[in-house]
Amino acid sequence: QDVADFEWVMWFTSFRNVIIFALSGHVLFGKICSMTVPQHRAMVYMLYGILAVLGSMGLVYLMIILSHCLVLYSVALAKQKWLCYMAGLCCLASFKVEPFSSWQSGFVTGAFDLQDVLFYGGSSFTIMRCMSFAIESSERKEGIYSIFDLLKYNFYLPFFFFGPVMTFDQFHAQVSTRELRRKDDEMRNIRVHALLHVGAIIAVDIFFHFFYILTLPSDLKFMNRLSDWSLAGLAYSNLVYDWVKAAVMFGVINTIARLDHLDPPQPPKCITMLYVFAETHFDRGINDWLCKYVYDHIGENHDNIMKELVATIATFAVTTLWLGPCEIVYIWSVFNCFGLNFELWVQKFFQLEPFAKLEAKMSAAMSRRIRAVFGAANFWAIVLYNILALNSLEFALLVTKRLLLTGFPVSTLSIWFITYCGVQLIKEHERVLAIEEEKCNKAKVE
């Protein structure tokens with residue numbers, strides 16, 4: 001079995017029973033509480049989450065988390081949004097930048113395989129949640145939320161270690177609801193999604209036994225012997241695997257959240273469906289957080305080139321800090337920031353009068369075909385930029401060289417054409433969905 005992804009291996013081997021036990025206990029206590037005292041269910045979730053964190057990581061780690069919660073709660077009392085941002089980013093840096101990171105992790109005693117993952121995962125998500133709480137509190141016109149509101153929000157166990165991040169306003173509104181009612185067929189949909197996630201877990205384990213898609217890119221000598229098509233397929237497969245991993249992890253957690261009558265962030269959009277940088281994200285919760293508090297806040301309607309540039313730089317600066325500053329993250333951020341801005345530049349360029357008039361004379365189908373040509377190039381830019389973070393700079397450079405230089409023109413144009421056909425199918429699917437949604441909206445109005 002391919003053991004390149006140690007997180008996946010640990011989750012479904014030695015750590016599997018701990019996860020099942022902890023989440024099963026959460027579901028059990030949550031169900032009992034929802035049936036008996038639904039008005040206090042948030043408090044039960046908080047107490048259970050605190051006990052689970054205490055049992056898995058120890059008292060010192062719990063004290064570190066509580067100290068950061070207290071700091072950001074104290075800052076929120078000032079009701080100054082800029083101060084909330086500064087304090088939150090400083091707290092996040094204390095877990096991501098040396099020597100503060102090692103100093104805090106040094107307090108946590110004991111040793112097990114996932115200690116670092118749980119330490120930095122729980123810490124990073126805690127800071128993002130505390131920042132959301134502080135910002136929402138600073139915008140609240142009447143008073144401030146209590147410290148217990150923050151603790152209920154932060155120590156909701158399904159989200160604590162691995163996310164996703166729900167913004168505080170959404171979580172508080174949903175968890176404060178006293179009348180807990182299910183929509184029609186909601187339990188059936190939850191069961192179906194749970195079975196799908198079990199199937200996805202089995203599929204990934206099968207891939208690990210037969211397709212070494214994570215280990216192969218580390219052997220550059222072997223990579224050089226592959227054909228252009230095999231190399232392109234391997235690069236694409238690495239992104240698909242990472243999407244499946246994220247979809248499974250967030251899908252399992254979201255299923256539990258739905259059992260708790262929450263509406264969590266949706267799983268990431270499939271990489272095969274992505275041909276624009278604006279929709280490229282593997283964690284929709286973090287993406288929603290960044291859009292609400294940074295990207296949309298600065299970029300507003302994303303129509304002004306300078307505002308968009310400042311918004312994307314600020315967004316990727318926060319993302320770089322969130323991921324942990326290092327050379328590969330810097331390169332990844334720069335390329336993705338450029339891709340997001342380049343999309344707007346190209347869009348603005350083709351909105352100029354001669355091009356706009358030319359497109360107006362075209363049929364809708366021809367316009368989609370031309371856009372699909374650019375979408376196909378965009379798709380491979382997204383693939384190449386993101387395998388930087390998933391694999392290595394050397395592998396990304398090798399794939400780029402083979403697809404654009406040594407593989408030109410046969411491999412380059414043929415792969416581009418196949419991708420173009422795929423983008424056309426996706427755009428047609430999106431067009432049909434848009435028409436159906438418009439019909440549904442008209443029917444509701446009537």
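Heads up, the Cβ atoms here are built off N, Cα and C, so glycines get one too.
Under the heading transmembrane segment, TrEMBL lists 15-33 (among others). Packing against the transmembrane segment (15-33) from elsewhere in the chain are residues 40-41, 44-45, 48-49, 52, 56, 113-114, 157-158, 256, 259-260: each is 6 or more residues past its ends and has a CB under 8 Å from a CB in it.
Annotated transmembrane segment per TrEMBL: 45-74 (among others), in sequence order.
Annotation comment: TrEMBL describes 155-173 (among others) as transmembrane segment.
Beyond its flanks by at least six residues, the transmembrane segment (194-214) meets 1-2, 4-5, 8, 12, 234, 237-238, 241, 244-245, 247-248, 251-252, 255, 391 of its own chain at Cβ-Cβ distances under 8 Å. Annotation comment: TrEMBL describes 194-214 (among others) as transmembrane segment.
The transmembrane segment annotation in TrEMBL covers 234-257 (among others). Under 8 Å from some Cβ of the transmembrane segment (234-257) lie the Cβ atoms of residues 5, 8, 23, 26-27, 158-159, 162-164, 190, 193-194, 196-197, 200-201, 203-204, 207, 211, 213-214, 216-217, 223, 226, 263-268, 270-272, 282-285, 383-384, 386-387, 390-391, 395, 399, all in the same chain and six or more residues away from its ends.
Feature annotation from TrEMBL assigns transmembrane segment to 370-391 (among others).
If you look up TrEMBL, you'll see 403-423 (among others) marked as transmembrane segment.
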